[in-house]
Amino acid sequence: MRIVGITGSIASGKSEVSKYISSKGYKITDADYISRNITKKGNIGYKVIIDNFGNVIDESGEIDRKKLSNMVFNDSKQLEKLNSLLHPLIFKEIDKNIKSFNNEKTVFLDAPLLFETMLYKKCDEIILIYCDEKTQIERIILRDNTDEEKARLIIEKQMSVEEKMKNSDYIVENNTTLDKLHFKIDEVLNMIIRD
């Protein structure tokens, strides 16, 4: 089985690419979905967060992601702690999910932090989705209902696109329309399938 990583910085269009690839019938393991699922009430990640970060619960009893994010975003030690606790749980689920697709020739691993978490080592090839910073900031402001300063801070905290490009096999620019993005992804899929 060949594993193809899909990654990109925040608001680059990575999730749209995964959705499109999935609509073509390919199997996708979504690291963000697994992360959110593990931290839902009743699951192991939920307990880990409560035990280590205290009261970060919303009215419904679920993890208040905004509260937790604010707690760890400006404190690298807290962020490291959170990652060291959750990443092993997430990686175990990712492995389990990928193994469940063992009859597939090619599966995709959608992970925004593919390089930062070393998940790229599981991949045979990597697709990087990127857009220019102006487009990225506009998308973050619109999607997250935030301001430009916060959007820039989020971007600065991530590995640079240039660094990600060095380790990617397919680089897809996404500054324009969905139709153009889909066309580019079709071209990439054709190259992957040909090999």
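For all residues, glycine too, the Cβ spot is worked out from N, Cα and C.
Pulled from TrEMBL, these are the features on record:
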BINDING   A11, S12, G13, K14, S15, E16  ATP binding site
How many other Cβ atoms are found within 10 Å of the Cβ atom of A11 (ATP binding site), counting all protein chains shown?
22
Which residue, out of the binding-site residues S12, S15, shows the minimum number of other Cβ atoms inside 10 Å of its Cβ in this structure?
S15
Near E16 (ATP binding site), which residues of its chain come within a Cβ-Cβ distance under 8 Å, counting only those 6 or more away in sequence?
N174, L178, L181
